[in-house]
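K.L.:
Annotation source Swiss-Prot lists ATP binding site at GLY164, ASN165, ARG166, GLN167, SER168, GLY169, LYS170, THR171. Residues annotated as site 'Required for activity' in Swiss-Prot, with sequence analysis given as evidence: SER357.
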Amino acid sequence: MKTIQFDMNKYETHVDLEYLKEHGRVEKISDGVIFCSGLENAALHQAVLIDERHRGVILELNEEFVGIGLIDKTSDILEGMNVSVTDHFIEVNLFDDMAGRIIDTTGKMLYEESEEQPTSSSPLFRVTPEIMTIDSVTRPLNTGLAVIDSITPIGRGQRQLILGNRQSGKTQIAVDTIINQHDQNVHCIYVAIGLKAAYIAEVIETLRNHDALKYSTVVATAASDSLTAQYLTPYAGMAVAEALREQGKDVLIIFDDLTKHADAYRAITLLFNRPPGREAYPGDSFYIHSSLLERAVQMNPEHGGGSITALPMIETLSDDVTAYIPTNVISITDGQLFLKSDLFNRGQKPAVDVGVSVSRIGGDAQHPIIRKLSKNLTLILSQFEELKELLDFGNGLDEGSMKMVTDGRILTELFKQKILSPLSVTDLIVILYAFQNGFLTKVPPAKIESFKGLLLEKAHARNDFIAFSNDIKDISELSDAHTKMLEEIIQEVGRLFS
């Protein structure tokens, strides 16, 4: 019987193992994320190219596949396409002058065509600065909003959370704060995460109309952009801020808002079949925000002396601050401004709930004169809120309690502020001095706004007040001449309301 002979060599296929270390194959596509085989040398957050033209970033590594997020929305990617890793991690392109730039996650200019080439780049993901390179927060970052600068002050290098329901004035506080930096030598970065394109355009137009784009950068992704782009956007904004801080600059960065950032990350991890945790968020939701916000610090003089002040925003539902993401970010930051919808609807703008809001380290950075004039304001407002409830029930109050109610009403009216009309440090000093020294007790609450406007108008017309404003950084307490000037201004206006 004849035996059949097989030539096994002709069935052998040579597998290039070295090639598989740097290359892979698209196995599955699912709503903006890719499951890929190969890529044995891949690292987390490494940039990749699909079919040599589509940009992606590695977001998931496990034994079965490599998970890639697509930066650009596209329907041109097919199963079987080649994937190759690049020689760098995901980064944002930078220009010599970042002022006035409106860019996306990778540093590409938005809303205008530009042939200008980037001069450098900065990685989106970096470690927190070492503890020995960080300095204390001792310099103020004035928002121009009386209730914040007096009761919950913010210092340069601080992380202060702004949280509240939808349409409670969070973005308006951020925009007012940016506009108030026009003469403060602070570079501002507004990071829009997954917002409507029309809303982003409206914010940009407001900044442009108030000449704030001259010292600002906008990093934006719209709701129509990919989930990966929305997830990466705050890190891109922080990378730009770090590049400016390394030049010794003071930077203010605003994240609008981190709730949408957490939602985008939740969607990505669920697509990668990662097990969900509380409220379906993944287990490392705390880490993605802490690793971002802890990069905002005040550096010591030996390491440039620059600072990053972060104002992250969180959207709450029905004023619930005990939800997963709000409690996470509250524990990461140095304080919070809690905005209440009912205050906003009653016309109390900015709608800051003083009883819940706190600034843990901002007091050390507050201007000493404002610190002295503000020391009992929180108590006055807290007592007013308690006694006001008794008045609502028709209970009679003694003379001392009625004085507390009167002071509370006056202070509440003083803290009301029109949008896009920030107050300078000396403006706030005049207002608080008038309140603390009893000059407003006979002014009806309905006329407080008019009194305040006329008071500032009279003050700005005096040469000695202008000189006081120019020198305020070097003045730590009011002299007799300053006190006399303030009382003359207040009494002149007071006679018109008596």
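For all residues, glycine too, the Cβ spot is worked out from N, Cα and C.
What does the local environment look like for each feature on the list?
P.N.:
Under the DSSP three-state reduction, GLY169 (ATP binding site) is assigned to coil, being neither helix nor strand. Taking the Cβ of GLY169 (ATP binding site) as reference, residues of its chain lying under 8 Å away and at least six apart in sequence are, in sequence order, LEU339, PHE344, LYS349, PRO350, ALA351.
When secondary structure is read from DSSP and collapsed to three states, SER357 (site 'Required for activity') falls in the coil class.
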K.L.:
Same chain, not part of GLY164, ASN165, ARG166, GLN167, SER168, GLY169, LYS170, THR171: whose C-beta falls within 8 angstroms of the C-beta centre of the ATP site? Give them in sequence order.
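P.N.:
These residues sit around the ATP site: GLU315, LEU339, SER341, PHE344, ALA351.
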K.L.:
Cβ atoms within 10 Å, counted per site: which of ASN165, GLN167, SER168, THR171, SER357 has the most, among these recorded positions?
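P.N.:
Checking each of ASN165, GLN167, SER168, THR171, SER357, the winner is SER168.
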K.L.:
Within 10 Å of the Cβ of LYS170 (ATP binding site), how many other Cβ atoms are there?
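P.N.:
Counting Cβ neighbours of LYS170 (ATP binding site) within 10 Å gives 25.
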K.L.:
Calculate the distance in Å between the alpha carbons (Cα) of THR171 (ATP binding site) and SER357 (site 'Required for activity'), and round it to a whole number.
P.N.:
17
K.L.:
For GLY164 (ATP binding site), what is the secondary structure by DSSP, using just helix, strand and coil?
P.N.:
strand
K.L.:
What's the CA-CA gap between LYS170 (ATP binding site) and SER357 (site 'Required for activity') in angstrom, rounded?
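P.N.:
Cα to Cα, LYS170 (ATP binding site) and SER357 (site 'Required for activity') are separated by 14 Å.
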